[in-house]
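As structure tokens, the structure follows; a few thoughts come after it.
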């Protein structure tokens, strides 16, 4: 029998708090599309961020996943104790940005409880434990979307994939092509292969948010592919150019990057110094970073 989430929430005296950005999704068709897009199979380890009323969690458990959730709102503790009793579900309380990927991956592999970054040894934070062995599936807190995406596709060990609900405008930015690129799009497309799964109208949530949403699936590129991309430069040099250029997105990149890019590097990279950063794709930025590195050498 399907779980009556609204009734169970009412039983525990729980309701969405708008000031915390809480908007609950109970639509089974949408939830199943999210789980299907994530490619979750029996026995898979899944990290969920902000499970809230647990509807997506239940859909994941229904596919046989083992779920580790990170939730900020401790009001849900007794609710989870009843809803997920006897199921392969664990919850850790806190802000997801305070946990290292290494500790989360270790916990997903059954190696212990994740602790905040400040308590995590630097050696463990840099380890490759669990790379590609787990998935992230979540309705992301919209105010933290960019920071969460950056964390999970750049910090080792990264998951195999991310399947996330985001603001529709953000989904459009992530999936943009030449002429509409942003720093977020460059970052995501450098380290992953994103695709849109489904657009979700605001009316699908309780209470409805002020914006429409979309589900995006990102296959994270493995270490070997990343190393090949950065073989002749470094991520630090590459993203220094990207971030500086997009700090003034309407300016010509030759003006914004004057202090970082020698005049002859534009020709070497086969890039017009008169274009704006929104026109450049990841491969363009890589060529520019390589050209600058050769000039510096």
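Glycine too: its Cβ is placed from the backbone N, Cα and C atoms.
Cross-referencing 139, 199, 255 with the S-adenosyl-L-methionine binding residues that TrEMBL gives (23, 25, 50, 71) picks out 139. Taking every pair among 23, 25, 50, 71, 139, the residues listed as contacting S-adenosyl-L-methionine, the largest Cα to Cα separation comes to 16 Å. Counting only residues at least six positions away in the same chain, the Cβ atoms of 69, 70, 71, 72, 96, 138, 139, 140, 141 sit under 8 Å from the Cβ of residue 50 (S-adenosyl-L-methionine binding site).
The Cβ of residue 71 (S-adenosyl-L-methionine binding site) has 22 neighbouring Cβ atoms from other residues within 10 Å, across all protein chains displayed. Residue 23 (S-adenosyl-L-methionine binding site) has a Cβ environment of 21 other Cβ atoms inside 10 Å. Comparing the binding-site residues 25, 139 by how many other C-beta atoms lie within 10 angstroms of each C-beta, the top residue is 139.
In the three-state DSSP classification, residue 25 (S-adenosyl-L-methionine binding site) falls within a strand.
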